[in-house]
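Before any comments, here is the structure.
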Amino acid sequence: MGKLVLLRHGESVWNAEGLFTGWVDVDLSPTGEAEARKGGELLAAAGIRPKAVHTSVLKRAIRTANIALDAADLHWLPVERSWRLNERHYGALQGKDKAQTREEYGEEQFMVWRRSYDTPPPPIADGDPYSQHGDPRYADLPPELMPRTECLADVVDRMLPYWYDAIVPELAAGGTVLVAAHGNSLRALVKHLDGVSDEAIAGLNIPTGIPLVYELNDDFTPRKAGGEYLDPEAAKDAIEAVKNQGSK
Ligand SMILES: O=C(O)[C@@H](CO)OP(=O)(O)O
């Protein structure tokens, strides 16, 4: 059984500005580029050599994978991309300031929108400047699958077919697989792998740019719950920072 390596993209320009991002195709910040490079160096130092790479169709994950593979001298790996690994669609909150939203709606509502399992933010209007309506990269997506908002449960539902159809067969064949994606699509995958409850998943945050490695049993359950970050000390601080976004 191969290893599974999860890599959240490095800090994006909107992470740095404290804005809800979701499906808006925001680039990495210079810090995010450095984090992606560090992520690749950590992979190389640990002797982890993926056989295949999967990313979302958003450039912050695509560029993170490119930069990490560059740092690990693994440019040649086959890469597959899917909208099913995209960040959670943040609905009408896309482009909004997190701290301002928290102030306007209160801590409880803010956290329900950010971390509750089954309450999505209000849907985004098709004419909203931050809507993905009409974006050519989703042209082949059946209209009923195109989200206008998502809760984490929706992400689990749309991510799992890709996990089973594209990633599991590669792991079953014995290859190590790198998945470069997003805070909430990776939370959905971790929830599935570790069997985290709908309540407990609210407290789980994933840091940017630090590879999280899962060794898996034959039934694809983790050998060690929660996997292992390649830089556990840096992960601790970075997890706290994600948790507190919008509060400071
Ligand atoms: O804005 C977003 O799309 C996500 C990830 O950056 O933020 P949050 O951690 O608040 O879910």
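Residue 1 is the first one shown; counting continues down the chain.
Just so it is clear, glycine is given a Cβ too, placed from its N, Cα and C backbone atoms.
Note that TrEMBL annotation is computational and uncurated.
Quick look at what TrEMBL lists:
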- His9: active site, tele-phosphohistidine intermediate (ACT_SITE)
- Glu87: active site, proton donor/acceptor (ACT_SITE)
- 8-15, 21-22, Arg60, 87-90, Lys98, 114-115, 183-184: substrate binding site (BINDING)
- His182: site 'Transition state stabilizer' (SITE)
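Taking all protein chains in view, 27 other C-beta atoms sit within 10 angstroms of the C-beta of His182 (site 'Transition state stabilizer'). With respect to Cβ neighbours within 10 Å, the binding-site residues Arg8, Arg88, Lys98 differ, and Lys98 shows the lowest count.
Its Cβ taken as reference, Trp14 (substrate binding site) is surrounded by 20 other Cβ atoms within 10 Å in the chains shown. Ligand 1 lies within reach of Gly22, Gly183 from the binding-site residues Arg8, Glu11, Gly22, Gly183, judged by a C-beta closer than 6 angstroms to any of its atoms. Applying an 8 A CB threshold to same-chain residues 6+ apart, the list for Gly22 (substrate binding site) reads Glu87, Arg88, His89, Tyr90, Gly91, Leu93, Gln94. Cβ neighbour count for Glu11 (substrate binding site): 24 (other Cβ atoms within 10 Å of its Cβ, all protein chains included).
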